[in-house]
């Protein structure tokens, strides 16, 4: 496994919708492993492929609970319910945090590393992290959804 360089804003790859994954091969498995390692070393809870310069619909999420690592390939949100408002940051925007409204519950359809379709239900922080990463895959940045920015001392 390798730690990848995280793309910082501004960069065109962050604002470009990603291509769907067609080839479920060893290159994809390596990308997933490298992304997960990169996310953990950077102390993140999610990482999307465009954040490492790869314009594919691939994301990894791990919020540090017993859900563990979630790999999302070609994900789409089928259902959203409720709302939550809270702080978000992004590894591509170091030191920038803002308040963002997200659905509190989501149901997602995605594929695993072998191409098998699965459904996932999530709520709370996990739902927030997944929505943030899926936005990345469509070229949507969290800064476009911020209702107010936080000073660093507000987050302590």
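Cβ atoms here come from the backbone N, Cα and C positions, even for glycine.
These numbers come from a predicted model, not from an experiment.
Copied from Swiss-Prot, the annotated features are:
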type     : residues     : note
BINDING  : 90, 132, 136 : Fe cation binding site
ACT_SITE : 133          : active site
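Taking the Cβ of residue 132 (Fe cation binding site) as reference, residues of its chain lying under 8 Å away and at least six apart in sequence are, in sequence order, 46, 88, 90, 100, 102, 142. Taking Cβ-Cβ distances under 8 Å and a sequence separation of 6 or more, the neighbours of residue 136 (Fe cation binding site) in its chain are 14, 48, 50, 51, 59. All protein chains included, residue 90 (Fe cation binding site) registers 25 other Cβ atoms within 10 Å of its own Cβ. Under DSSP, residue 136 (Fe cation binding site) is assigned to a helix (H, G or I) in the three-state scheme.
Taking the mean position of the Cβ atoms of 90, 132, 136 as the Fe cation site, the remaining residues of that chain whose Cβ falls within 8 Å of it are 46, 48, 51, 88, 91, 92, 133, 135, 141, 142.
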